[in-house]
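According to Swiss-Prot, the feature GTP binding site maps to 44-51, 145-149, 214-217, an assignment based on sequence analysis. Residues or ranges marked as domain 'Dynamin-type G' in Swiss-Prot: 34-307. As annotated by Swiss-Prot, domain 'GED' applies to 546-637, with the evidence given as sequence analysis. Residues annotated as region 'G1 motif' in Swiss-Prot: 44-51. The annotation region 'G3 motif' is assigned in Swiss-Prot to 145-148 on the grounds of sequence analysis. Per Swiss-Prot, the feature region 'G4 motif' maps to 214-217; the stated evidence is sequence analysis. According to Swiss-Prot, the region 'G5 motif' annotation covers 246-249.
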Amino acid sequence: MEKLSYTFSQQYEEKIRPCIDTIDNLRSLGVEKDLALPAIAVIGDQSSGKSSVLEALSGVPLPRGSGIVTRCPLELKMIRTKDQDRWHGRISYKTCEEDFDDPAEVEKKIRQAQDEMAGAGVGISEELISLQITSADVPDLTLIDLPGIARVAVKGQPENIGDQIKRLIRKFVTRQETINLVVVPCNVDIATTEALQMAQAEDPDGERTLGILTKPDLVDKGTEGTVVDIVHNEVIHLTKGYMIVRCRGQKEIMDQVTLNEATETESAFFKDHPHFSKLYEEGFATIPKLAEKLTIELVHHIQKSLPRLEEQIETKLAETQKELEAYGNGPPSEPAARLSFFIDKVTAFNQDMLNLTTGEDVKCTTDLLLFPELRQEFAKWSHILDRSGDSFNKKIEKEVDNYEVKYRGRELPGFINYKTFEGLVRDQIKLLEEPALKTLKTVSDVVRKKFIQLAQCSFIGFPNLLKIAKTKIEGIKLNKESLAESMLKTQFKMELIVYSQDGTYSQSLKHAKDKLEEMEKERPQPKIKLPLLSSFDLGTDNHATLREMRLHLKSYYTIASKRLADQIPMVIRYMLLQEAALELQRNMLQLLQDKDGVDNLLKEDCDIGQKRENLLSRQTRLIEGTQPLGHLLEVTFIDYCNILMQ
């Protein structure tokens, strides 16, 4: 393999390598579990020459054979060192990490890791294997090799193996942070390759896709010009363009041609080729040029992604912190500390309960609001009263006639029958009792639901404590609902006593009369003058009496409905919020008296401890990941380009 100049390498050590190392370190910390990291994913159909390209880049033999050879995503991390005699390998997967110093062991180590991850055979796994190679003969580069796309399942493979592989590939190529390195043989129709089609589906403009043409020595005579056109980006356009390489073929492998010898052969092939020599001269050919191109692209992509990556880490940290706050700290083991912890839990719940029922912010969660729903229910109650008033007005004329016939006794015509007035008022008020009780039931259910939600977010991970809180909420709900129902029924019994202050009633009556006069003035006058309320024209003087009765009924209903519009919600709020919250607080405080029962109430859900541990691990990963990003953000991409052009 051609070696990069020492100056180039020195600049890597100072600037480029830290950039790539930062992303590699984030990946090793497990940050990729939380968000996507900049990467180069290598994809290709089976037998596309993908493994040969990676072998040539890394300088070590990788697993080969027919069918699916790459059965797990393989992170190939190459670190260039100044020490010409040093070669070191490290393979990591699951909880295993192994160092070795013989490059010949790479293939065996990868196969062992794949067997452990995906099982012996030909299955695949989505778990990542990481292979780190430190050598003077490799570029500073990190690639992720993905399984080759299979068209037909072979013996021992599930029928949907092709779909499994494509699903795995899509996990990587859909990410905006991924550069798609698509490997395509020169001797096939590039437009029909599934690897390029998948990349185009997720990256239609080709901004994240780089094409690699392999096996130029197998091109049919007469088609070389098409290959040149593809590399020149004149057939299927990719923003990042194309490169062309020639790696060891199967015969050369069997003849034990070394990778260094293969690189020399590749260089000679392109220099002397009648059609491809200009690609060599233009810098589009050979593995060393590909390594340089990939390094430039990766560093560019990393630098471009850094601001967004920093923002994502900050967002994820905030989300993690919020989740940790929701789960809270686990209970301490020391008895006195456990009691203090329990007291704090109950006190915080009681304070949040008070805040919830008075419309203040709840500390344990930001989206638990009670009063907006109560306001809606009470608005519905007010609407019921308005509709009842409208229907009352419509039936007044008919009902007054009926009451006059049925109840008017010795009074002379023209006198208002107070008994008729009271009867009509009472009948209308009775119709409102059932809707009021329904409003009570609805609000009671809303309050119960909110109280339970508060308990759930206050006692996350403590099932026994949550259970007893729910039991108390249910009991108090039934009790206070029953008391509120009794108060409402009493209220409606009192409403059957027709009463209002003289001043209040007189004002309401005057308002009703003024409104009626305005309506009559606006009504078109008939050519033949008729009484103002023709429906009351009974051929007697009773129409004046009935007109007065109608005004009195409307006036009183207005007063009664306003009274009920406020009184019913006040009774409900008093019993279901204020009294229920106070009783629940007292009940919860009584738990503190049973010190022997504290341990049982603080038994934590087995899953919660694990979730808290996972969140703490994520928080640690993300915090550690932010430290090197700050420095890299200070270095602009122009700095990197200047280095690479030296």
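Note: Cβ is positioned from N, Cα and C throughout, glycine not excepted.
Everything Swiss-Prot records as a feature, shown here on the structure.
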residue: Gly44; record: GTP binding site; DSSP (3 states): strand
residue: Lys50; record: GTP binding site; DSSP (3 states): helix
residue: Leu146; record: GTP binding site; DSSP (3 states): coil
residue: Pro216; record: GTP binding site; DSSP (3 states): helix
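Residue environment of Ser47 (GTP binding site) contains 15 other Cβ atoms, counted within 10 Å of its Cβ in all protein chains. When the binding-site residues Gly44, Pro216 are scored by other C-beta atoms within 10 Å, Gly44 scores highest.
By the criterion of other Cβ atoms within 10 Å of the residue's own Cβ, the least surrounded of the binding-site residues Leu146, Ile149 is Ile149. The C-beta environment of Lys50 (GTP binding site), restricted to residues of the same chain at least 6 apart in sequence and closer than 8 Å, consists of Val42, Ile43, Gly44, Thr70, Asp145, Gly148, Val183, Thr214.
Across all of the region 'G5 motif' (246-249), the predicted model scores a mean pLDDT of 84.
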